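Reviewing the structure listed below.
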2 protein chains.
Amino acid sequence: MPPLTNGQGALSPRAIPEAAVARLAVYLRVLSGMKEQGITTVSSEELSVAAGVNSAKLRKDLSYIGTYGTRGVGYEVEVLIDQIERVLGLTREQSVAVVGIGNLGHALANYGGFPGRGFPVTALFDVDPDLMGVPVGGIPVNHIDDIASVCAAKEITIGVIATPPAAAQVVCDRLVQAGVECILNFAPVVLQVPETVEVRKVDLAVELQILSFHQARRADSAPSGETAPQPRSNGRVNGSPRHSVENRPNGAVVRR
Amino acid sequence: MPPLTNGQGALSPRAIPEAAVARLAVYLRVLSGMKEQGITTVSSEELSVAAGVNSAKLRKDLSYIGTYGTRGVGYEVEVLIDQIERVLGLTREQSVAVVGIGNLGHALANYGGFPGRGFPVTALFDVDPDLMGVPVGGIPVNHIDDIASVCAAKEITIGVIATPPAAAQVVCDRLVQAGVECILNFAPVVLQVPETVEVRKVDLAVELQILSFHQARRADSAPSGETAPQPRSNGRVNGSPRHSVENRPNGAVVRR
DNA sequence: GCGACTTTGTGCCTGCGTTCACAAGCGGCT
DNA sequence: AGCCGCTTGTGAACGCAGGCACAAAGTCGC
């Protein structure tokens, strides 16, 4: 591979693949759990099992952020935590605003400290006048018309859209105008944003439909009893007792 | 590539890539919206713009489910809807159970009819005795110990885990024992399941951390004013009025 | 102090997913 | 009836991500 001219300029950190970033977040959580248990050192094998990935992949992911392992020993849990937090930008806290205080908005507002802290929800918005002032999860609800001033005052960097679909694009536009460049969208809508803005979406219906697809597949390939709730012999037929775990496309783990 | 021996047997439908399945769900939603607007025919270009993807990718995705387009014309909206629903297994309704009736559980229980229907939440579970019997979103809450019998009676095919992290694995095991083979996990935990079970996870913290990562990146590459809330000239400087839209890794769309 | 063992970091290969580009096919216009 | 233009469907190229396997490097025991 030639010296990696990643377009970005020259001194850009390293260009970490998106997929690796997502996994780093998972590693971070697992590591936090280990730290609480008093574990100070971990090998790539152990960590990979706990995170449900291949150990080679894990090592490659970690190599993107630097060289912090000790050969023959493993990684120091705290060092890894610090470094991943650094790369993910968790050193400076990001303030989160939630727009749309329905059921989901409530849930998000009460989420409070996330595991491993770092994302305080500090502003809530809605259009319903009845909600104004009433604090939800300790945070007062503001009217969406005040979004610009409130976001500026509270230095909001992440906006969460939890509105009905019809309102999502308008809300998104307002967030962008207020200077928010990171948006997490729960509304089942394809948002249009300027290219400076980063959007991630969480789409419940899509997730369920994907599950439905696999369910249908299963039903097709084994057309016998359908929902017949067999007592589940469940096998646990342990053929090869080597690695008790195997990777899954989605990061879940197969228990054998 | 040899004639594609996909292990699955022989008569398996086609082997649709996972990524394509996720997009099909999005197309379905967009198409439903179009149908409501009275649109009967759509070209791959139009649909791809609405769905925020490349038109070639859209056509390839659709080609996985069959050949339903008319060259020189486009696709018939209704036909496409029917076919995508068929492939995603939405013809037979899937009953959903939600476990963990906290804030998120409430939100999910009230989600009710999803856009394009198909996923009725018909059972709720929790450990808290105070919740028993009290209906949430019209559905009574059952104790988690009754999970097997209730799931069997209501023919639950999809289980949603909305519990605290510590309880997630136990709940998952119980769902699996009850015969549920599709699980949507909101708890920040890597679940272990038998290989017959399909798990998808929605991880709020990970999503936020990915956004944080990009935010950090941005701040690094442009180290001037930081959160300085510039009034945002925001341009909307529409230089080239050709395609007003461009693809984004995440399915969001860039407005120019 | 040295050797053997353990574990990291990574080069290379393989496979999947995305994109391009074009031939095939269909409708409408003349 | 024949031609023209539009749109689909897909073969082929490309690039990225995943996984294997091994050399490098460090520790522990003797």
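Each Cβ is built from the backbone N, Cα and C atoms, and glycine gets one as well.
Confidence across the DNA-binding region (A:26-65), taken as the mean pLDDT and rounded to a whole number, stands at 95. Among the features that TrEMBL reports, DNA-binding region is placed at A:26-65.
Counting every protein chain shown, the number of other Cβ atoms lying within 10 Å of the Cβ of A:Gly102 (NAD(+) binding site) is 15. DSSP assigns A:Gly102 (NAD(+) binding site) to coil in the three-state reduction, outside any helix or strand. Annotation comment: TrEMBL describes A:Gly100, A:Ile101, A:Gly102, A:Asn103, A:Leu104, A:Gly105 as NAD(+) binding site.
Across the domain 'CoA-binding' (A:89-190), DSSP helix (H, G, I), strand (E, B) and coil residues number 35 helix, 28 strand, 39 coil. According to TrEMBL, the feature domain 'CoA-binding' maps to A:89-190.
Residues annotated as region 'Disordered' in TrEMBL: A:219-256.
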Sub-8 Å Cβ contact with chain B: please pick out which of the binding-site residues A:Gly100, A:Ile101, A:Asn103, A:Leu104 have it. A:Asn103, A:Leu104
In the DNA-binding region (A:26-65), how many residues does DSSP put in helix, strand and coil? 30 helix, 2 strand, 8 coil
Of all the binding-site residues given, A:Gly100, A:Asn103, which residue's CB has the most CB neighbours within 10 A? A:Gly100
With the cut-off set at 10 Å between Cβ atoms, which of these binding-site residues ends up with the most neighbours? Options: A:Ile101, A:Gly105. A:Gly105
Cβ contacts of A:Leu104 (NAD(+) binding site) (under 8 Å, same chain, 6 or more positions away): A:Ala162, A:Phe186
